[in-house]
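Structure record follows, encoded as C-alpha cells.
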C-alpha cells in the first residue's frame, strides 16, 4: 500500500491534471484497501464462539483462547474425573501380610490421619471419611487430640499427623504412596506382632499391591510410630523407623463415555496423553480400559534421569506418564510446545496450576480448586471429554470464520490494487469517484458482518488448524489477481462495447465498474468460504446468503435511484447486464478452477 497509493496519486495527477481530485481518489483507495472491519469481525467471531460454547457447558475466560482451542493437537490430562467417574470408593483395607483387617485398625489410623490434617482433603481422604461415617465410627476421634502435622508434598508423596490419646500417649500416623512408605518403615505389624521389614516382606507387599493395581485400584500404605519424645519438634526427619500396619485400596472406575470420547478426539486430530501422579500400574490399567495405548508408559523417576534429547523424544512417543511431580508435568508440556505442538492441559488440583499456566490452552472444571480455575483459560461445567470435544469443534469453527474474512479481504484488496493501478494508468478519467469507492467499500463491509454466523464444512473441522502467515501471502498472490482480470475485461467492455472513451461518458463507465466490482467482491465471499463448489456442494448460512444477495441487489439498483444520480452514477442500459452475467459467471468458473488447482498443489484452502 505504501507504494501503490503514491503511485495512484501521481499517475492520476499527471494524466488527469487535477491534483486535488487525484489526492482525494488516492485517499479513498487507501480507505478501501484497509481491512477496517477486521477488529469487529474477529471480536464478533470470538464473542459468538464464546456464547455458543457456553451453551455446550464450556465457559471461556479469555476470548483469544478460543483460537488455541481449535488449534490444539495434544491434550494432556489427569485420569481422575476425566477418564474415571471421579467417585473414589474405599474398597478394602488389608494388613501388611495381605490378610483382611477384621479389627479395622488400619481404617482407624487412616481416619485419624485424614480427619486431623488441616490441608486440602483429596478424594481419598473424602472416601475414608465417608466410609467411617457409613460405619458410624466417627466417635473414635473424640479419644484423641491433634498435636502437630507434617503436610503432604509431591517429593515425599505422604503426609503425617501427630495425635495424643487421653493417657498422654503420642503417636505419629503417616499415610502415602506405597513405595515411599516402604522406604521409611523398618518394621511391619500383623498377626498381633511386630516383625522386621525384610526384603521378602517388601517383595510380598509389592506383589499384593501389583495385583490390586491391575484391577484398577489405587493403593496407599498406613504406618505409625509410638512413644515419641514430647519435648521434640516434629519434622520430616521423624518419618523414619516406622511400623507398617497395612494398606487401603480405592476404586474409581472408568467412565463409560471415556473410550468413545477419546476415539472421537483422535478422529479430530487430537492425541490424548495422561499426565498423572498416581501409581504406574493403576494408570496403565485405566488407560487400557479407555483405549489409550500403554506400550511406551513412563514414570516420573525414570523421566528425571533422562537427558534433554531423550526427554524430547520420549514426550512425543509416550502417551501415559505416571508418578509425576507438578514440575515434571510442566516440563513435559514445555517440551511438547518446543516441537511446535499446540498443547492443552486439563486439570483441577493445586498441583495442576503451573501446568495450566504453561499450556497453550488451560482447561479446568467448575468444581476445581480456586487456583486451578484462576490459572485456566476455559472452564468446563462438566468434567467430561465429550464436553471438551464440543468446545474444540466450536473453536475450530470460530477460527475458520476468522480465517475466511482475512483471506477474503486480503485477496480482494490485493486484486483491487492491480485494477486501480491499471485503470489509473490508461483511462483519461477516474475509474470511479472517491464517493463511489467509499460506498462500494461500505456495502462490501456490511456483507461481511454475518460471517461469524456462517457454518464450516465438516472436512475443515476434522483436524487442528493453526495460523500460517506464509499461506496468506501465497493465497493473495494466486487468488487476488483473478478479480483484476475481470475488472480489466469490464474496462474493455465499457470502453469498446459502450463507447466510454471520453469524459462525457465517464459516469456510465464508473457505474458499470461500480456494479461489477461490488458484485465480484460479494461473490468472492461464497467462492472462498469453502473448498467445495459453492451453492452446489456447500451452501453458506442463511444469514450470509441473505445479506450478500441484499447487498448485490442494492448495488445493481443504486445507479437507477435519485441517490445514485446525486453521487455521480447513472442508469445502465439493459444490454449491459448480459455482459455482467457473463463476466461474473466466468469469474466464478475461473476462481473455482484455480481453487481446485491450489488445493491439489498446496493441500489446503482455508
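From the backbone N, Cα and C atoms, a Cβ is placed for every residue, glycine too.
Look at TrEMBL and you will find 429-596 tagged as domain 'Cation-transporting P-type ATPase C-terminal'.
Taken from TrEMBL, the feature transmembrane segment covers 475-498 (among others).
A Cβ distance under 8 Å defines the sequence-distant neighbours of the transmembrane segment (510-528), meaning residues of its chain 6+ beyond its ends; these are 404, 407-408, 411-412, 416, 419, 423, 430-433, 436, 440, 443-444, 447-448, 451, 479, 483, 486-487, 490-491, 493-494, 498, 500, 534-535, 540, 544-545, 548, 551-552, 555-556, 558-559, 564, 568-572, 576, 580, 583-584, 587-588, 591-592, 595, 606. Here TrEMBL flags 510-528 (among others) as transmembrane segment.
Beyond the ends of the transmembrane segment (540-564), by six or more residues, the same chain brings 439-440, 443-444, 446-447, 449-451, 453-455, 511, 514-515, 518-519, 522-523, 525-526, 529, 534, 570-572 to within a C-beta distance below 8 angstroms of the stretch. Positions annotated as transmembrane segment by TrEMBL: 540-564 (among others).
Residues or ranges marked as transmembrane segment by TrEMBL: 576-594 (among others).
Counting only same-chain residues 6+ beyond the ends of the transmembrane segment (475-498), those with a CB under 8 A from a CB of the stretch are 407, 410-419, 422-423, 426-427, 431, 505, 508-509, 512-513, 516-517, 520-521, 524, 528, 573, 576, 579, 583-584, 586-587, 590-591, 594-595, 598. Summarised as a single figure, the pLDDT of the domain 'Cation-transporting P-type ATPase C-terminal' (429-596) averages 91.
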